[in-house]
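Trainee: Under the heading active site, Swiss-Prot lists C122, H255, N285, citing sequence analysis as support. Residues annotated as region 'ACP-binding' in Swiss-Prot: 256-260.
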Amino acid sequence: MSIFSRIAGTGSYLPELRLTNQDLVERLAKTGLETSDEWIATRSGISARHFAAENELTSDLALKAAQAALSSAGITSSDLDLIILATSTPDHLGGFPSTACVVQDKLGAHTACAAFDVQAVCAGFTYALATADAFIRTGSYKKVLVIGAETFSRILDFQDRGTCVLFGDGAGAVVLEASSEPGILSTALHADGSQRDILCVPGRSGNGAVHGSPFMTMDGQAVFKLAVKVLEQVAHEVLAKANLKPEQIDWLVPHQANIRIMEGTAKKMGMSMDKVIVTVHEHGNTSAASIPLALDCGIRSGQIQRGQHLLLEGVGGGFAWGAVALKY
């Protein structure tokens, strides 16, 4: 008998500190950087974002989202076989121990539960979900916790108006479990390392020092142009694998990078924005957390219902992109 995977539960978490555009404008003005609510909103669709407290780590955000997802699925951490965490802002310099291992400990999961991180920036959750699905299909694991969590505020240059107004912190999680009926229908992952410089943190660490900038940089125009192109391509690819057409998709749950990218992708897919889950206005770009955050919000709002077909897609630094078609 074939083994499939399905989403059994979802959860999300946002840090307590919420900054509206005006809050951020006033904060930046104190450092001599000028911007405006209108400038931010018209270019990105963002009205607010959340920032982690100084003592909050990526694992703390991930833990809250994970606990909510476990509760939603009706299981406990002792039921888990594997934890996969997508992040570009791990707890530890160098990325080890993995933030997934930290979350495993904080959850109280047993040592039989494997744990590791994946890193594909804003496409990270699609990579993590596709990996979890593959593990379940092989019969290796039955219950996998998949998390996307970021504290991007830690790597923002608050003298760079083009990036510091766009990003926020948060976490989202799903419990993926083995099923006799298909839930995840198809996945597709891609990367183009030749485009690595258009969205990156250029600095490198060595001998106890950081060489180059420790903050993210972005060529916004290049990212926009490439993102819309590859998102359309991977969406068609993953739908073809699932034998679905765009009109059969009930909800598009995209990476919440920028309202213009989401509108551009929906238009190319021939989909109305009424069928797109949009949270970027309240969350900003939360990188690997954005898709599971949007998914959980769509479910909790009652928009997304069991039995509906969803298309998840994301694109990020690397350049990396991916998509997942599923029946919720």
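Positions of Cβ are set from backbone N, Cα and C atoms, glycine also.
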Trainee: List the Cα distance (Å, whole number) between H255 (active site) and C122 (active site).
Mentor: 7
Trainee: Can you grab the distance from N285 (active site) over to C122 (active site)? Cα atoms, rounded to a whole Å.
Mentor: 9
Trainee: If you count CB neighbours within 10 Å, which one among the active-site residues C122, H255, N285 has the smallest count?
Mentor: N285
Trainee: Where does C122 (active site) sit by DSSP, helix, strand or coil?
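Mentor: It is helical.
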Trainee: Reported in the order helix, strand, coil, what are the DSSP residue counts of the region 'ACP-binding' (256-260)?
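Mentor: Within the region 'ACP-binding' (256-260) the tally stands at 2 helix, 0 strand, 3 coil.
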